[in-house]
Amino acid sequence: MGILGIIVEYNPFHNGHLYHLQTSKELTKCDYTIAVMSGNFVQRGEPAIVDKWKRTQMALKAGIDLVIELPVVYATSTAENFAYGAVKLLDSLKIVDCFSFGSEKGDLNELTKIAEILLEEPIYYRKALKEYLKSGITFAKARELALQKVINNNEIEKILQTSNNILAIEYLKSLKKIGSSITPFTIKRKGSLYTSLELKGEFASASSIRKHIFEKGLEGLEKYIPDFTKEILQSSFEKKQGPVSLEEFSNILIYLLRNHIPLNHIFDVSEGLENKIYKASYKTNNVEELMKLVKSKRYTESRIRHILIHLLLNIDKQIFKEFDGPNYIRVLGFNEKGKEMLREIKKKSPLPIITKVSQYKEKLSNTKMFEKDLFATDVYTLAYKNSSIAGLDFIHPLIKL
């Protein structure tokens, strides 16, 4: 029985995701599928539009057999940390044969070549990088030019400018770094770019779908999302549990910043950026506006988003030194095939499986990472318009199909 692993966010699940899932199954000829999925906060540095259990329902209805949560410390981090945490978790299951991911490039050999150079940093690459850095350009631009020089490929700039290619390269780096035996596959992304905000083409991006939902609701999305996604979103919105956006947390974040809660313990914060964020918090009470005030050529919006989310969730950079990847397997949902795989994982994986949250202290010698997931849910539910009770992880049932 071939087992396929994929890394997802499904924020929300749309037809492009369905295409990737079905094509991955055909390409790898795997009979079973495991998804490692971001929880209530995602890699863009913002809350998911609906909670992790609603998105697990979408995944299972689409044909995923087992959904495992990616710890929030990795789910909300840089592309490099996100990829490493997710790949390490997939590999730690010890049953995954194939791993399929989307990319704009769609060429595994080309992406692997780039990943190997970035991971191994051969002397000729380091020399070129050093030369370009001396000229005063940014590290990202220097890296791009150095790669272009050593690989002799004029498309490097184009490859490194798109989010799925960047993640694909990080996935391949992580597989190589941990010496994984999982076989990678990439599928060329179809339709709009991940960051596109326009609803158009055969497959619309998740960003454009979210924008449409916040501005106009669910009407007009039938062409871009499966019926089950629409039904799950509709039910969630009727219960006032979404759509959730970063703006819901504006007051909390502005309060923390005006109170000068230290930022220097957060990953990727420099002194100049810290002061700029503090100053901006006195000029607005809206987090989206704050990011526009801080954003510059040097400080990208993505970097600022990640800092704000880590401030909101109290995630400090020390946690990345304490752990080398996730130290548990948190199950969110499964079907009958998923149940079979869980039995195999229990036999083969060195990590404890958590299906009953109340038992986490007995199962984990270090509970810090898991408790961040619990806290993230408690923060997330503050955005609900009706009830914002804490401790939802302890009482929400597993999603079973």
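Glycine is no exception: its Cβ is also placed from the backbone N, Cα and C atoms.
Spatially close to Ile7 (ATP binding site) yet at least six residues away along the chain are Ala35, Val36, Met37, Leu70, Ala83, Ala86, Val87, Leu90, Phe99, Phe101, Tyr171, judged by Cβ distances under 8 angstroms. In the three-state DSSP classification, Ile7 (ATP binding site) falls within a strand. What Swiss-Prot lists as ATP binding site is 7-20, Gly102, Asn164, Arg189, and the listing cites sequence analysis.
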Which one is it: of the binding-site residues Tyr10, Phe13, Tyr19, which Cβ has the fewest other Cβ atoms within 10 Å in this structure? Tyr19
Name the secondary structure element type, per DSSP in three states, that contains Gly16 (ATP binding site). helix
State the three-class DSSP label for Asn164 (ATP binding site), counting H, G and I as helix, E and B as strand, and everything else as coil. helix
